[in-house]
Every structure is written in C-alpha cells, then in structure tokens.
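**Student:** Would you mind keeping the following structure in view while I ask a few things?
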Amino acid sequence: NYWNAASFVTSSSYLHFSTFQGETSADISFYFKTSASDGVFLENLGNTDFIKLELKSATKVSFSFDVGNGPVEIMVRSPNPLNDDQWHRVNAERNVKQASLQVDQLPLEVRKAPTEGHTRLELYSQLYVGAAGGQRGFLGCIRSLRMNGVTLDLEERAKVTPGVKPGCSGHCTSYGMYCANGGKCVEKYNGYSCDCSKTAYDGPFCIKDVGAFFEEGMWLRYNFHSPGTSTKDLVSRTLLSSADPEITAPDLSLNKEELSFSFSTTKSPCVLLYVSSYTPDFMAVLVNPIGNLQIRYNLGGTKEPYNIDIDHRNMANGQPHTVNVTRNGRDIVLQLDHYPPTSYSLPATSDIQFNSPKALFLGKVIEIGKIDQDIYKYNTPGFTGCLSRVQFNQIAPLKAALRPTNASSHVHIQGELVESNCGASPLTIPPMSAATDPWHLDSASADFPYNGQAIGDGVNRNSAIIGGVIAVVIFTILCTLVFLIRYMFRHKGTYHTNEAKGAESAESADAAIMNNDPNFTETIDESKKEWLI
C-alpha cells in the first residue's frame, strides 16, 4: 500500500471512488509529487457541504470544508517550493472539535470548530481524486492515499481510467541514495530496486558482502575476456574500464584503476591479488614474509617494479583488513583500514598506462610466461584465509564466481570455493605490545602510541564500562562472603543450659530451684510448721 500510486497525465483526468463517509471525523493522508504549480488533489461534494484538498500554489496547500456553518479553509505555507518533483506528505484531520493540516514536517495548522452549529459532514457525490467540477486537476503522482484508515487502490482504478496511469516513475529521485556501494537505482512499476551487478556487494540495497574462504593451494582466475572473443571486442565486452569514458581505449590500456577488497589471514608470505597482462605490465598486492602489506606496480620504463611497503602493522594477524587502491595516471592513493589515505607517485621514468590487461588472480598466480621473482617465491604454498568484496574497476571476481551471471564464464577456480563473510568482520584492535605500551614497567623510554594522540573515545568508553562491571561483580562477591562468615560464626564459643535463673545469687543449687519454681515454693509454704515436743 505504501507504493500504491497513480500518475495523472492530463489536467482533466481523475479517479472516482464511493462517497467518503466522514460525517463526524475525517483523517486523510497521502504523498504527492508534481512539477505543476497548482491542482486539486481530491474533492467530495454534498448539497452544500463539501471537503477538498488542493495545491493552491507552488508553496501553498489548502484544506477546505463546509459542514453547514460556512466554508472553512486551512492553509499551510512552505518556505520552499512544493512542485520540485519530490515526494511531499499531506495529513488533514477534522472532527467535531477542530481541524488541522500538516505538510511534511512543517508546523501543524489548527482551526477550532465553533461551539455551536452543525457538526456533521453530509456528502452525496462520489469522491474525486484529481480534477472535478471543471476545476484544474492535479498533474503528477499521488500515492498511499488513506482515508479514515482505508487505503484506496489507486493503481487498480487507474488501469481502467483514461488519462491516469498506474504506478509512478521517479522513485529514484527521492530514494536512490539508499542504493549503497555504487549500486544503481532502477525505476520499477510500483517502487524501485538497486542494481548491484557492477558492485562487489549483494542484497536489496547492495550492502551485503560477498566473500569466500580460500584453503591452501586454492586460486581463482578471472579472464578479462571470454573464450573465443578477439582483442578488438574486449573493451565492449568487459567491465575493465570504469564509468569514466576517458580510460576506455581501443588498445585496452588503462590510465586508472580502482581496487578495493578486504582480507584476513594468519600466514605469510602470500599473494592476495595479481593482475597480469599480455605485456610485462602487472599489478600485485602481497603480504611479505614478516606480515607487512606491499603494493607492487610494473608499468614499464623502470628497471625494477615500484613498491609501496606498509610496514607499520602486521597484516597476517588473523584480523580483517580493508585495502583501497586508486591510481590516476602517476598518482596512487592507498587507504588501509581506518588509517587516513596516503598518496604516492610513480617514478618520473615510469609509464602511466597499464597495457593490455589479461587476467586477475586471487590466492595464487598461475600464469604462462615470466613472473616476478618475489611473486614467484610468495606463490608457494599460496594464500590461506578469507577474501571479501573484491572489486577491480567494475569487475567483481568473487561475486561472479559465487553468483551465476553472464560474467561467470570468465571465472576459473582451482579447488572448492566456499562462500563466507569472514573477511568482512568488524576490525578489532589487539592489545599494545610491551614495546609501545607507555605503562609497561620495562618500557620507561617507550613513546606514547599514535604519536602522542589519545586513544579513541570508543576504546576509552568500552574500557570504562568493562572496568565498572568487574568492580561491581567483585564488590558483590565480597559482600556475600562477609555475610556468610558473620552468619556462620555468630554463636561461636557459647552454649545453652537449663540452669535455673538466679543461680548466680543463690546460696546453693537447691535454693536456686526453690526460688525459680513457683509450685515448689508453694509446697514448702504449706508444709512449713514448727512443733515443740
């Protein structure tokens, strides 16, 4: 019902429904979108009574009615034009005490009903949505029209009404921003959808990671052209070039690359990603023997490949890491995890074109011809771990392998590829080492981490919460132990006897018993007599 809509394409078109039953109360709400400056949204007439909602001007919406006491009009004025072809919400209410009108989040306009007079709205004609009675009708879209809690089926009525079309185009204008990660908004009959085909993501809004677990020795190859195609057809049949038409060249030379992915592993060295070519050009992302990340470019013009070494963190620590590499000509921008982007530049003698790219490899390089010596060494035994949301320009090799599409014919897999999002889990921050911990006893000369900057608020807050919980638990345990100890040893060193009260002051035990037992005392008193013989 939320997307039940109708498009009014002529100023004389309208939809009609049965008479609105709103004698003592009316609750009307709907969304509209238009580029026209005025028009009637809906109207229902009686002998003299009526109810009407209309767009008076580009910035005014009117709610008017008459229950027999004379016409009443409530107006809402918007500071911004309402004919901007965006969705706007109207909510009008009327009861025996008052009437109100609200547009979007603008202030509510309220009009009190007279204390005396008529209160019942008596209507007889049909309810008209759009033009009625020769007035200028509404041009645009109306959707989700609810009257006293009942949603009117605009689409079904529009199918048999000239000048009105079911559904409404233009949803992407208002909701296209919900298609994330490069997803494209696609207009549909009664809403919109997100096209994620040119992204490494999946799901209704292109936010679900597509990843896989790689066992040792497993690899994936994505060929940039399908079998049987000639090199002249490669540009038009692949997604190597990004949306920027400047990098589309007949010779398949790339001036730009955009690479992004996430991974997690505990083994090094290894090859994460490798892009080969029909020439000596290549691009590689590696983890070196000590666990540091390395980006390697060889575009020609230099004796040795150009290396970017990220040596400030061990990347083979089992944690997920995100890598984003963008090259535009000679300029390279690298962003790793939550660290700020870092800029690099190819040597002045280096070529800036990636000539004739051939294939993309994940996990291991299985290529005919000469391979860089270091990459050859890193190639054994291969990558073990998780890769997720891999995207090279508009190519998503893992998604092509795991989601059957037209691009699946480009993929060749060695081993069993198991889908997993283990490479896309949230990044966790490991404890600081003794060498960098300023509070460690053996590191008096250690520098504060992060160049003297304080640890993030999130970490401090989490530590405070955990510390507080631990303190409460310890305090509760101590209180319980104290209570138990006092209870157990409350009577230690005491005992109870049936010794008569007052024994301490009596001359003898018999005297104490006689003093304490009233019956015994009475017996003695009755028999107590003296005889003189």
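Using the three backbone atoms N, Cα and C, a Cβ is placed for every residue, glycine included.
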**Student:** For Cys168, what is the disulfide-bonded cysteine listed in TrEMBL, choosing from Cys141, Cys196, Cys206?
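**Tutor:** Recorded disulfide partner of Cys168 in TrEMBL: Cys141.
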**Student:** Output, ordered by sequence, the same-chain residues six or more apart from Cys168 (disulfide bond) with a CB under 8 Å from its CB, or 'none'.
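**Tutor:** Spatial neighbours, sequence-distant, of Cys168 (disulfide bond): Ala5, Ala6, Ser7, Lys33, Cys141, Arg143.
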**Student:** Per DSSP, what is the residue count of the domain 'EGF-like' (169-207) in each of helix, strand and coil?
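**Tutor:** So the domain 'EGF-like' (169-207) is made up of 8 helix, 12 strand, 19 coil.
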